[in-house]
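Engineer: Sharing the feature lines straight out of Swiss-Prot:
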ACT_SITE  Asp8  active site, nucleophile
BINDING   Asp8, Asp10, Asp212  Mg(2+) binding site
Amino acid sequence: MARLAAFDMDGTLLMPDHRLGDKTLSTLKRLHDRDITLTFATGRHVLEMRHLLGALSLDAFLITGNGTRIHSVEGEVLHRQDLDPDVADLVLHSTWETEASIHVFNDTGWLTGKEIPELLHAHVYSGFRYQLTDLRRIPAHSVTKICFCGDHDDLCRLRIQLNDALGNRAHLTFSAMDCLEVLPVGCNKGSALAVLSDHLGLTLQDCMAFGDAMNDREMLGSVGRGLIMGNAMPQLIAELSHLPVIGHCRNEAVSHFLTHWLDQPNLPYSPE
């Protein structure tokens, strides 16, 4: 029996309209009642996640910024990791051959240089939004992560440029087909979940986790039971081909799987 359950948000726990379904919320509360610790492992900012948890009346640990921060249920910072200032400075002050927009995250929030209203659709239920600023004036010593948003093929070409410039000084990952992230070295949801597990006196084998994108790869591959969404990025399914694939987030597949796991644990599971 898993003792810790970790959930990606967008494309996994949330439906395509970025809303948490009623069945999913009910199932999460059933897990809590079974003394299974909940953690949400997401690229979203902790300020946004705190608002969402408060609105849903859920108690959970938070792994935010794709592993750059871990917070306890009470809001205490358990772990923090920032980009190397030299890396942040290089990424923010270099000229890259890309049409992608650039976004900076630090403890104050989400910062970008121009209005991009379509990016706010994913945050409509929380009301979280970017702050407009001159990105070149942001202090490099306080950056948690930098994201590029745009066309996937363009981002793939950008990844080559970034990799050539940064080498092993940063971790690059796709959190969605249209979002490439620059993270601190060794920083990912899997490494953060290992820190949290140790804090709770557990091991990763005591965990189950759900995800859909390449930023979930380390987490899904390291836990006792990793489950991939049916709507996952093809690259993730290919790299973790040994893991089971459940249903689509639009059908609240996480809730469907967990209801079966709670009620009929000895019977084979089918996502249909």
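Just so you know, glycine gets a Cβ as well, placed from its N, Cα and C.
Context for these features, please: burial, neighbours, distances.
Structural biologist: When Cβ atoms from all protein chains are considered, those within 10 Å of Asp8 (active site, nucleophile) total 30, not counting its own. Under DSSP, Asp8 (active site, nucleophile) is assigned to coil, being neither helix nor strand in the three-state scheme.
Under a cutoff of 8 A between CB atoms, and with a sequence separation of 6+ in the same chain, the neighbours of Asp10 (Mg(2+) binding site) are His18, Thr42, Gly43, Arg44, Ala122, Ala176, Asp212.
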Engineer: Should Asp212 (Mg(2+) binding site) be counted as helix, strand, or coil on the basis of DSSP?
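Structural biologist: In three-state terms, Asp212 (Mg(2+) binding site) counts as coil.
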Engineer: If the Mg(2+) site is taken as the center of the Cβ atoms of Asp8, Asp10, Asp212, which further residues of that chain fall within 8 Å of it by their Cβ?
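Structural biologist: Neighbours within 8 Å of the Cβ centroid, excluding Asp8, Asp10, Asp212: Met9, Gly11, Thr12, Leu13, Leu14, Thr42, Ala176, Gly211, Ala213, Asp216, Met229, Cys249.
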